[in-house]
Amino acid sequence: MNVSKARITAIGSYVPERRLTNDDLEKMVDTNDEWIVKRTGIRERRIAADDEFTSDIGYKAVQDLIARYEKSVDDVDMIIVCTFTPDFKTPSAASLIQAKLGIQNTGAIDLNAACAGFTYGLHMANGLISSGLHRKILVIGAETISKVTDYTDRTTCILFGDGAGAVLVEYDENEPSFVSFNLGSEGERANKLYCTGLAEQMNGEELVNTGNLVQSGREVYKWAVNTVPAGMKAVLEKAAMKRNEIDWFVPHSANLRMIESICDKSGIPLEQTLYSLVQYGNTSSATIPLALDIGVREGKLKHGDNVLLYGFGGGLAHAGLILRWTVPTEKN
């Protein structure tokens, strides 16, 4: 039974101005445009300026939301920022965004579930609002992955970019957005995708490339193309829905080949899939809100559409949900 009382009422996004194309990368590492497109589907990614950080781009995504939907955020009572690249270890990026927005009397927390972060953030927002503890929550997926990317490592630097997306979630028991969720984590595989912190070992393995993102691409690929279809099946069962009732599938935009394999295994046509990787690369927790906003701007997402979101990545963690699209037509 659906007990959600939370509705997504607005969306916004922001990407930095600087473009890093495949041709640019060809001058930096042993690669080329054809090789990158064939294996990943990515054509370019955005890169934050030296003085531009996660709180800055997250704030700009909220500003976009406010301008397009004429929303006030003065009475927001919780800010959840989903990121693994905060400006500082402390204070949180959420607190910095709260200050930039000038909101008083609001909670502010960062949530680190890497590429599954945004879907975990929506899960938290739905629970906090449906329980009656909160009425209005900003959920922001924002990353500046370029600042933890080794641009001599072609296995990672071709993939990642920077960007931010934000949604406003409000109390509404008459037209809730959220239908069902499915969450999971396999920490025993944590050393397949990591960015080092204080510890120098994980699962008995010496960690490498201190301070930068490290990925065992083939291992993560094999895990994702099996785990995500199973998770999609579970979230459909919890909603008592069939896959042909889904209008749009929005997976984490890690790699187009991976998305194609997930679609093939789950029986969802690629034509019903929204992704943001072609123009923005893998932006971790920002890929799903960026893809949703692309769907809005291109007129694909319609009121009442059933949308299946699935985030997956570092942890290795995953989180999926089904929502009914309830965002009204933007005012501007």
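Here the Cβ of each residue, glycine as well, is placed from N, Cα and C on the backbone.
Counting Cβ atoms from all protein chains shown, CYS115 (active site) has 33 others lying within 10 Å of its own Cβ. The active site annotation in Swiss-Prot covers CYS115 (among others).
The active site feature in Swiss-Prot is assigned to HIS252 (among others). Sequence-distant contacts of HIS252 (active site), defined as residues of its own chain at least six apart whose C-beta falls under 8 angstroms from its C-beta, comprise CYS115, ALA116, THR287, ILE288, TYR310, GLY311, PHE312, GLY313.
Along the region 'ACP-binding' (253-257), the predicted structure has mean pLDDT 95. Taken from Swiss-Prot, the feature region 'ACP-binding' covers 253-257, and the record attributes it to sequence analysis.
Counting only same-chain residues at least 6 apart in sequence, those with a Cβ under 8 Å from the Cβ of ASN282 (active site) are ILE42, ARG45, CYS115, ILE145, LEU159, PHE160, GLY161, SER253, ALA254, ASN255. Per Swiss-Prot, active site is recorded for ASN282 (among others), and the stated evidence type is sequence analysis.
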With the cut-off at Cβ under 8 Å and a gap of six or more residues from its ends, the chain residues touching the region 'ACP-binding' (253-257) are 39-42, 115, 159, 220-221, 224, 275-278, 280, 282-283, 287-288, 290-291, 312-313
